[in-house]
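> I'd like to ask you about the structure that follows.
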There are 2 protein chains.
Amino acid sequence: MASPIQENLVSKNAEYASKFTKGDLALPPAKHYLVLTCMDARIDPAAAFGIDLGDAHVIRNAGGSARDALRSIIISQQLLGTKEIILIKHTGCGMLTFSNEDAHGLVKKNLGPSAAAEIATLDFLPIKNLDDAVKGDVEYLKRSAAVPEDVIISGWVYEVETGKVRRIV
Amino acid sequence: MASPIQENLVSKNAEYASKFTKGDLALPPAKHYLVLTCMDARIDPAAAFGIDLGDAHVIRNAGGSARDALRSIIISQQLLGTKEIILIKHTGCGMLTFSNEDAHGLVKKNLGPSAAAEIATLDFLPIKNLDDAVKGDVEYLKRSAAVPEDVIISGWVYEVETGKVRRIV
């Protein structure tokens, strides 16, 4: 039994695969960079940020958090040779709308005490100010001993209302 | 001074924004699901998995790891109302090519002892067998008290050679 979402995946993927011509791309990103952005449904990184298939790693998590992405960033750089990080957070981000206390409270209320205990030490990494969060994450990456000093790092905001990016740092 | 990668972002984004018409989408994903997949450069989730703008959260990390994504998954479900998880790993994944020892060794060799110390406890979450890793991550999510029991979870493999997905579990 497939759900409607699973049926959509199967039918749309069959269309995609029927026209697919890029089966011989190499594993390491051809343009040696990575994009780190939010999981937000209103962002299509390939289209909005001009990433051709095979060119860049794309890391996405709630808020486009650099801390949360550190494992993936190290792998991207040390094992797959990327040399530049484009960090893009966005307007209207859900991470601006709650605190750690709110999130832990919701889990306890909705899922019960065993769920709350399972994630008791989890930092949900909410943010208070968008531009400051971009600057803070870029600083975090620049300070991290696990990110080489010659890696180029820039920080941006994507506007979900206009489709435009603007550079912060 | 903009790097060539940054110039590409600015010019391609200007093109995208000039035709952008979806500035009024809501924050919660319209189709109430999330896709979790790898950061691999050869995957374009929107195109390959049939995700229209605004429909689904897309979480991406090295290997499409469910453990690594747990923070984002909880936020997606508890704060933004998603009810289904589509987990997609892929053929030719870089995570099949090294061990934790390899990765820690590379960091120490390339970045020195202070970097190695900074990430000494980091699990890089490499995988040994693709289909088993999909099954294992689906099991992990089903067992997690932080993921409600009524969430629909399926596990897939995307073939970077053909553009096709196949269901594992």
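Even glycines carry a Cβ here, placed using N, Cα and C.
Dumping what TrEMBL says about this protein:
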- A:Cys38, A:Asp40, A:His90, A:Cys93: Zn(2+) binding site (BINDING)
> What other residues of this chain sit with their CB within 8 A of the center of the CB atoms of A:Cys38, A:Asp40, A:His90, A:Cys93, the recorded Zn(2+) site?
A:Thr37, A:Met39, A:Arg42, A:Ile43, A:Gly63, A:Gly64, A:Lys89, A:Thr91, A:Gly92, A:Gly94, A:Met95, A:Tyr158, A:Val160
> Non-local Cβ contacts of A:His90 (Zn(2+) binding site) (under 8 Å, 6 or more apart, same chain)?
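Once residues fewer than 6 apart are set aside, A:His90 (Zn(2+) binding site) is near A:Thr37, A:Cys38, A:Asp40, A:Arg42, A:Ile43, A:Gly64, A:Leu130, A:Val157, A:Tyr158, A:Glu159, A:Val160.
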> Under 8 Å Cβ-Cβ to chain B, which of the binding-site residues A:Cys38, A:Asp40, A:His90?
A:Asp40
> Which one, from the binding-site residues A:Cys38, A:Cys93, has the smallest tally of other C-beta atoms lying within 10 Å of its C-beta?
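A:Cys93, out of the binding-site residues A:Cys38, A:Cys93, has the fewest neighbouring Cβ atoms within 10 Å.
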> Give the number of CB atoms, excluding that of A:Asp40 (Zn(2+) binding site) itself, located within 10 Å of its CB.
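Summing over all protein chains shown, A:Asp40 (Zn(2+) binding site) has 26 other Cβ atoms within 10 Å.
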